[in-house]
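Quick look at what Swiss-Prot lists:
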{"type": "DOMAIN", "residues": "14-137", "note": "domain 'Rhodanese'"}
{"type": "ACT_SITE", "residues": "Cys97", "note": "active site, S-selanylcysteine intermediate"}
{"type": "BINDING", "residues": "Gly149", "note": "(2E)-geranyl diphosphate binding site"}
Amino acid sequence: MQDRQKAQDYRALLLADTPLIDVRAPIEFEQGAMPGAINLPLMMDDERAAVGTCYKRQGADAALALGHRLVCGDIRQQRLEAWKAAYQRFPNGYLCCARGGQRSHIVQRWLQETGIDCPLIEGGYKALRQTAIQATWQLAQKPILLIGGCTGSGKTQLVRQQPNGVDLEGLARHRGSSFGRTLNPQLSQASFENKLAVELLKINARQTLKRWVLEDEGRTIGANHLPECLRERMAQAPIAVVEDPFALRLERLREEYFIRMHHDFTHAYGDEAGWQAYSEYLHHGLFAIRRRLGLQRFAELTDTLDRALAEQLSSGSTDGHMAWLVPLLNEYYDPMYRYQLEKKAANIVFRGTWQDVANWLKAQ
């Protein structure tokens, strides 16, 4: 343990996907955590709140004493068993609290009493978080190439195929549009940024990196927003635009939103509940842009969506969805993206089909 405890290289710890036994309270963990960390709190939220109030009113010694009274007996033993099991599962793991202070030291000492020497992160989560922020800023200074194109152009797939591609939407667990949510809930903003930083570090470590390849995104991806240092660099980056035939885009969207999402919902929740969740997902996506469509047009497209869902439920056919998807693209998504792209026209360095852009990227 001593070798692991000395002179910690935070970047190396993040690059290695080092298991972290995070002993902070659940509310702290939810607000921000490192990829792969598991939350096994020393104190639960209410216990931490009580200790914090005691600290403010009576000082550190009284707060520490209260903490020991709250976590004692069977509660202490149950949590100790959970930490022991976690260390046995991840013998190369580290304990982590907010700042490498009393909580991780207390858990470390209790484990030592059982014969387990588990190192802790000096500086705690805050030190790792600062390392992630600094890494993102530094790596965002490298050249960036954006992949642009209207909805359904296969941009994400193209980015994923590049050895230097960073799938921002995958990291954010959201595909960017009003229909972009996935079955996996989005991470907190800090956790998203931490995951992005680790991904950048890993890709940078695998190769001699000339530039990043990213999808042309807005300021936000669902509830997550891009780090400002990265967004500023993307705003100035050259863009390769995918221009595929409309019919091909429709087939990609059919596969992604009507076939795959239906499958994912029913696989997760069963046929009946999954169908209900899938239907609500499509309705929610349309409802989210009702004001931009205009209430009358929204009502018309909603009726068309209902008919398409009825047809899909009865026959399995997704053809009916084209009756609302086509006008949605023509009247809303395509004009919106083309307007945004026009403002960045000076940054466009290549236009072509998906395959043209893929070939162009290989030649760079």
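Along the chain as shown, the residues are counted starting at 1.
Using the three backbone atoms N, Cα and C, a Cβ is placed for every residue, glycine included.
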Residue distribution over DSSP helix, strand and coil in the domain 'Rhodanese' (14-137): 75 helix, 9 strand, 40 coil
Using a Cβ cut-off under 8 Å and a sequence separation of 6 or more, which residues in the same chain sit near Cys97 (active site, S-selanylcysteine intermediate)? Asp22, Val23, Arg24, Leu42, Arg103, Ser104, Val107, Leu120, Gly124, Tyr125
